[in-house]
Amino acid sequence: MREVRASRGQGRSPSGIGTRDPSWVMLLMYVLAALELACLFMQFSIMPYLSRRLGLDSVAFGYQQTIFGVLQLLGGPVFGRFADQRGARAAFTLSFLASSVLYLLLAAACSPALPGVALLFASRLPGALMHTLPAAQMVITDLSAPEERPAALGRLGLCFGVGVIFGSLLGGTLSSTCGIQCPVIVALVVNLLGAILSFTCIPTSTKGASAHAQAALPGKPKASLFDLKAITCLLLQPGVLPVFLVKVICGFPSGLFMVMFSLISMDFFQLEAAQASYLMSFFGVLQMVFQGLVIAWLSGHFSEGALLRASVLVFSVVGLAMALMANVFHFCLLMPGLVFSLCALNVVTDSMLTKAVSASDTGTMLGLCASVQPLTRTLGPTLGGLLYRSFGVPVFGHVQFAVNFLVLLVLWRQPIPPKMDKAW
């Protein structure tokens, strides 16, 4: 039975799995992803307060956020290529060790006896290698059958929701009761535990035997991790670039709004910090429901092309309504549609793109997909701030409606190719 289940993803047993039940390996992926995301949101919840305590203004805080985004943007494809070449165990261990270094530097920055500002900026550097979620996506892609892939990837939304809710709550609670250094130390311990679990429990590789044979063809030169030509060539494979552009273009307007959300919640919605955290918890719950349950159900009844067009359509409607909203109650009514669109867009495009490339390149492809969000975090503060200061909140709705409506027209006239719209 185990051998049958192990062969679902690529038709042959992935090397390194051995006698391990693939279902158990996938469950471990979900647990590790939830732990890493909870620690990440614990960090996000205390960063503004730590920066203020060290005497940094909003501009300096923006600089460190931009540095973190740029490093993740650059590191995503390289990390994905590392995962393809060195395997799941090495990728997860590296990601958790990099996270441990980040939290160690943050803990040191909290000490008055040390140069806190320098350590705070230095703590951004390991972010280039912190890609546990794409690594989990790669393993789940390797171990799941193509027709089950959207549902399997969608369940990672439950992990993201757990990270948003418990990470934010723990970060605020621990910092207020035990000091700002406490959540950082807890995150450090959790990530060290994650590194140990990764090294001892995750298979060396989850790729199928055919993928390894393809990667090691006779006479084929060993590819470099930093071979940008090989990375960009993935985007030029048939059917890949259109789907990737849809992912980037459709998600960017809502990403701008989310980047500016903390400022919008204070100025436009007139929310206190506690009220804003409740709103983000509501966002996390919705993401758990939609990505973990709704998208998984829909993927069993509709094609990926239909779900992609539906997400773009809902994005357009939500953008139009966002341009007319006047208070936080209106935004709460719009939030389910926004979350559905984000979840459907991300899950469906990730699934379609991993099916469009060979099994030996799924990690690199997911690394490219993971770079989309850092791209928004890098460009978003400057562009979003300029739009918000010049035109106010409604401009985000206008941009979202216009961009997604144009993409919807293109998708309607030029449907997704059949091989991208179906499981291989």
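In case you wondered, yes, glycine gets a Cβ from its N, Cα and C as well.
Among the ranges 62-80, 214-232, 366-384, the stretch that TrEMBL annotates as transmembrane segment is 62-80. Count of Cβ pairs under 8 Å against the transmembrane segment (276-300): among 101-122, 152-172, 391-412, the largest is for 152-172. Most Cβ pairs under 8 Å with the transmembrane segment (331-348) belong to 244-264, among the candidate stretches 152-172, 184-205, 244-264, 391-412. Looking only at the domain 'Major facilitator superfamily (MFS) profile' (22-416), the predicted model's pLDDT averages out at 83. For the transmembrane segment (244-264), the neighbouring stretch richest in Cβ pairs under 8 Å, chosen from 152-172, 184-205, 391-412, is 391-412.
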